Each structure stands twice: as C-alpha cells, then as structure tokens.
Amino acid sequence: SAWLLIPSLVFLLVSMCLGAGVGWTFYPPLSSSYFSSSCGVDFLMFSLHLAGVSSVFSSINFICTLYSVFMTNVFSRTSIVLWSYLFTSVLLLVTLPVLAAAITMLLFDRNFCSAFFDPLGGGDPILFQHMFWFFGHPEVYVLILPGFGIISHICLSISANFDAFGFYGLLFAMFSIVCLGSSVWGHHMFTVGLDVKTAVFFSSVTMIIGVPTGIKVFTWLYMLLNSSVNVSDPVLWWVVSFIVLFTFGGVTGIVLSACVLDNILHDTWFVVAHFHYVMSLGSYISIIVMFIWWWPLITGLSLNKCLLQCQCIISNVGFN
C-alpha cells in the first residue's frame, strides 16, 4: 500500500503545477468544469483516489494482523493502543469508499456530462457535502484515536493499572466515540438549511459524544492522581498538556454542537481554534509522548529531562 503513495504524490505535484484552486473540500459548483476547467483538478482527484486506496489496503492489513492478535481471546487485556489502531482502521475502511464515490461522481460531472451535483441537470451540490463530511468528520477521529490509545496506555502504566472505570471502561468509551462519531457529520452543515428535525438530531448526538469523552478524561486524571510518577517527569508534563488542551477543545466543541450557536460562530476563529485544539494539538502531543515513552525502551538511550521540560513549556506557550 505504501507504494501507491508515490504515484499519488506525483499526481499531486502535477496538479499544483497545472493549478487546482478548488479549496480542500472540493465543493461543487466551484470544483465543476464551469468554474475550474483546469485538468489540475482531475489530477488532484486521481491523487486522492490513489491515497485512499493505499489507506484502505493499510487498514485491511492492520485489521487482519490485529485479528491474529485478538483471536485467542477478544476481551483479553491486550494493549489499548492496539485497540485504538483497530478502531482507526475500521473507520477508514467504512468511510473512505464514500469519499471515493463522491470524487468519482464529481469526475463524471466534470468530464462525462453527468449531473450528480449540478442543479441544472437535477443534481444537488449538498449531496456532495453529505458524502464529503461522512468521511471528513470520522477522519478527525482517525487522527486522534491513536492518541487516545497512547495516552490511555501510558496512564495505565504509570498508575499500575489503577483506574476508575477499568481497562474495559476506557475500551468501551473509545468504541462509543467511534460509533457516535460516525453519525454526526451533519454538524458541519448547519448553515446549508437542514430541516429542524435533522439539525436537532445531529446537534443532540454531537453533545452525547461528550459523555464517553468525559469518561476518558476523568479516568486519565484519576489515574494520574493515583500514580507514583515524579512530578518533574516530562512524560507527566506532556500528558497533562494533552488532557488540558484536549479538554479545552472539547468544551468548545460542545458549544458548537448547538445548531443556533454554530450558525453564529460559523467561519470564525472560534471554529479554527476548536479544531486545532482537538485534532492538531492532540495528534502532535500524542506523537511527542509516544516518542518520549518508547524511545528509551527501544534504544536503551535516555533523553535529557531538562530539555524535554523546556520543550514542553515552549510548545505550550506557542500553542496558546
């Protein structure tokens, strides 16, 4: 699957040379042949197709590998990091084909005179938004779920498995986030004129995601309070940074889940801050924590504690 990323990158570079000013969402009618006639848009779509096929193959590979790990006892206390990888792979396997279908339909609209998203031919551009965000919102969890697994694993380790809701509490909270997170794509579309019942449904389910997420956050805090780790340990500093910043982003997400407030705050810096606190900082910090935690175990080399503390302080100042 990794080899497919090479031609995908080539197509991406070609599209940049030819010009493809359709934004990152490909929304029609901007991405239609009427407003973006450059073939760079088509090359960009081919690039996404290849990258998507690569991700699907990788997900199948992960699922088959993890199946061989779990087949002896599916409810054994296997590392929660592996469970997070499994959930991530399943999400990709479910949502990527929908994005591929949307891009293919758009390609047909551009090159073969179909009208899936063209109102003049009976199509609906809002359909593309539904298909795009059916993939786009779970993609956020694809990026943050491994971080959840890493933070949970480290908290379980430093607390000697002393946690409030248990290993299975963290596991089923993560499973609930996956299920609910796949059902709330419509909260990205409150401004398109959804009917009241649909808007209320997406708003309510989005708020409910705060329950399993809150379970995870409180469990992490409870484990840290009952751990014997030194306060000066850089791992603790980074884990606390992850919890605080992720919680801040999650609270702003609850605000945005209200469809009335979302209409007011749409396309403002509030939304930008929410997204980056939750996804970007969560993913970045989890990578740093993973490196600090496993590097000494893999190489036998210790990292400089003072430099790691300085990095944490400077990074947090820069984040905020």
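In case you wondered, yes, glycine gets a Cβ from its N, Cα and C as well.
The signal peptide annotation in TrEMBL covers 1-19. Residues or ranges marked as domain 'Cytochrome oxidase subunit I profile' by TrEMBL: 1-320. Under the heading transmembrane segment, TrEMBL lists 43-70, 82-108, 140-158, 165-187, 199-223, 235-255, 275-295.
Just going by CB pairs under 8 A, the stretch in 140-158, 199-223, 275-295 that sits most against the transmembrane segment (235-255) is 275-295. Using a Cβ-Cβ cut-off under 8 Å and counting only residues 6 or more beyond its ends in the same chain, the transmembrane segment (140-158) has close neighbours at 79-85, 87-88, 91-92, 167, 170, 174, 177-178, 181, 216, 219-220, 223-224, 227-229, 235-236, 239, 242-243, 275, 278-279, 282-283, 285-287, 289-290, 293. Listed as Cβ neighbours of the transmembrane segment (165-187) (distance under 8 Å, sequence separation of 6 or more from its ends, same chain) are residues 75, 77, 80, 83-84, 87, 90-91, 94-95, 130, 133-134, 136-138, 140-141, 145, 148-149, 152, 156, 194, 198-199, 201-203, 205-206, 208-209, 211-213, 215-216, 219, 256-257, 259, 262.
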